[in-house]
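Colleague: Got a structure for you, written out below as structure tokens; questions coming shortly.
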Amino acid sequence: MSTSHGYRASWWTYILHQVPHTNFQFEVVDNQFAPQEWSYQQALLFLASIAGLCLAISLVLICVYLIKFCCCASQEDDDSKSHRVCCVTWSCVAAVIICCAGIGIGFYGNSETNDGVYQVTYSLMNANHTLTSINLLVSDTVELLSSVVKSDLTQLEEIFSTRTEFVVMIRNTRRQVESVAQQLTEISSFFWKGAELNPSALAEQVNFIEDYRWLAYILLLLLDLIICLFTLLSLAKQIKWLVIVMTVVSFFVLLLSWGSMGLEMATAVGLSDFCSDPDAYVMNQTQMITNINPDILQYYISCNQDVTNPFRQRLTMSQRALSNIHSQLHGLEREAVPQFPTAERNVLVVQGMLNTTEGNFHHLVALLNCRGLHKDYVDALKGLCYDGMEGILFLLLFSFLSALSFTAAVCSLPRAWKRFRNRDLDYDDMDEDDPFNPQESKRFVQWQSSI
């Protein structure tokens with residue numbers, strides 16, 4: 001399980017993580033998240049194929065039911081036929097109601113998944129802003145130090161050329177300034193060693209994929225809702241051609257529902273494998289792609305007292321160098337400037353550089369502290385493994401209810417269609433309890449108009 005401060009894998013993540021992972025040879029494979037390995041990919045595909053098996057079972061049931069309906073319909077007596085007509089109508093209505101409930105669950109799940117992915121992209125952009133700020137702050141400070149070394153310190157050395165003790169102080173100041181610049185450059189190079197670390201590019205890719213995923217599910221949900229409404233309309237108005245169209249469309253949506261269920265099942269299990277221990281995978285992949293020092297990754301991922309700050313030594317050396325520069329400038333201002341008035345401007349420039357560098361240094365120390373980047377990391381995990389996982393599970397439930405509903409609809413609508421064939425000739429065959437009985441509807445309208 002993850003040891004990141006502020007994140008703990010949820011109970012549904014733990015349950016899904018315990019699902020057996022089996023490859024195509026029916027061999028149990030490791031459930032550690034490893035999407036680049038073929039054996040792990042087989043395990044997820046095997047889980048997705050369960051939905052394909054359910055699709056095959058539903059198709060067999062539909063075929064058996066329709067064959068029985070075609071072969072045995074003529075053998076039914078009037079009482080049995082009337083009873084079955086009412087059952088068929090109510091079964092269609094029940095299937096539509098269940099499908100509408102599933103659609104509501106699907107809208108909620110799609111929104112939760114989108115919120116989780118948005119949290120991931122937002123955290124990645126925050127982390128990218130922090131890293132970019134570190135890089136810009138270091139580069140600006142190093143550039144400022146270099147300009148002072150090349151101009152003002154060189155001029156001071158020329159001004160104090162007749163006084164050896166002042167020249168020594170200037171050269172010591174130069175070495176301290178160069179030491180600070182070197183330490184800051186090394187700190188910055190830790191984040192951009194090898195390939196550039198660019199969380200914003202990852203955030204853009206994730207956001208691009210999420211936009212299309214969200215839109216696809218919205219279209220699927222709206223399609224299901226439209227089918228439910230037109231199915232109710234066809235039953236209420238007893239429109240034969242509309243019932244036929246809804247039967248055909250329901251069959252194709254049935255295929256989509258089982259297919260989306262397989263995709264969601266594999267995604268949920270794969271995400272649970274990642275969320276059960278995200279630190280190891282994130283460290284391995286980040287180090288492999290960017291070649292960052294493992295100690296730095298461990299520092300920001302864990303962010304606890306057991307992990308030492310890898311920048312502490314260089315920050316301490318830089319702080320000491322800045323203190324030495326401050327002392328030497330104070331000595332020059334007290335002893336050298338009264339004797340060399342022309343050096344006052346250069347000393348003040350170096351003093352201003354020192355003040356700016358100290359401000360940048362304190363800002364850099366705050367940015368390098370693990371709390372900021374670790375918070376972004378934990379927020380991304382919470383968005384993906386809490387909201388994202390919950391949304392996928394609700395989408396999985398939606399697909400399952402939708403598949404069951406459309407299976408029932410495909411079985412029931414043909415019988416309802418046959419029932420409409422002779423409705424103008426004989427209304428006596430209709431059950432009085434039928435909610436879509438035309439005579440009952442007509443009597444209800446007449447009763448309403450008489451009030």
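Residue 1 is the first one shown; counting continues down the chain.
Placement of Cβ uses the backbone N, Cα and C atoms for every residue, glycine included.
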Colleague: On the question of membrane sidedness, does Swiss-Prot assign Cys70 and Ala236 the same topological domain?
Modeller: yes
Colleague: Which cysteine out of Cys275, Cys303, Cys370, Cys411 is the one Swiss-Prot pairs with Cys385 in a disulfide?
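Modeller: The record-listed partner cysteine is Cys275.
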Colleague: Of the residues Cys228, Cys303, which one does Swiss-Prot pair with Cys370 through a disulfide?
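Modeller: The record-listed partner cysteine is Cys303.
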Colleague: Does the chain bring the transmembrane segment (215-235) near the transmembrane segment (391-411), so that three or more CB pairs sit under 8 Å (pairs 6 or more apart in sequence)?
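Modeller: The answer is yes, given that the two segments have at least 3 Cβ pairs within the 8 Å cut-off.
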Colleague: Who are the chain neighbours of the transmembrane segment (87-107) in space, where the CB to CB distance is under 8 Å and they lie at least 6 residues beyond its ends?
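Modeller: Those are 217, 220-221, 224-225, 227-228, 231-232, 235, 394-395, 397-402, 404-406, 408-409, 412-413, 415-416, 419, 434-436, in sequence order.
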Colleague: Comparing the glycosylation sites Asn128, Asn284, Asn355, which residue's C-beta has the most other C-beta atoms within 10 angstroms in this structure?
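Modeller: Max Cβ neighbours within 10 Å, all protein chains included: Asn128.
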Colleague: Roughly how many Å lie between the Cα atoms of Cys385 (disulfide bond) and Asn284 (N-linked glycosylation site), rounded to a whole value?
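Modeller: Each residue's Cα considered, Cys385 (disulfide bond) and Asn284 (N-linked glycosylation site) end up 19 Å apart.
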Colleague: Can you see whether DSSP assigns Asn284 (N-linked glycosylation site) to helix, strand or coil?
Modeller: helix
Colleague: Where the distance is taken from Cα to Cα, which of the recorded positions Asn128, Arg163, Cys275, Asn355 turns out closest to Cys370 (disulfide bond)?
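Modeller: Closest by Cα distance to Cys370 (disulfide bond) among the recorded positions Asn128, Arg163, Cys275, Asn355: Asn128.
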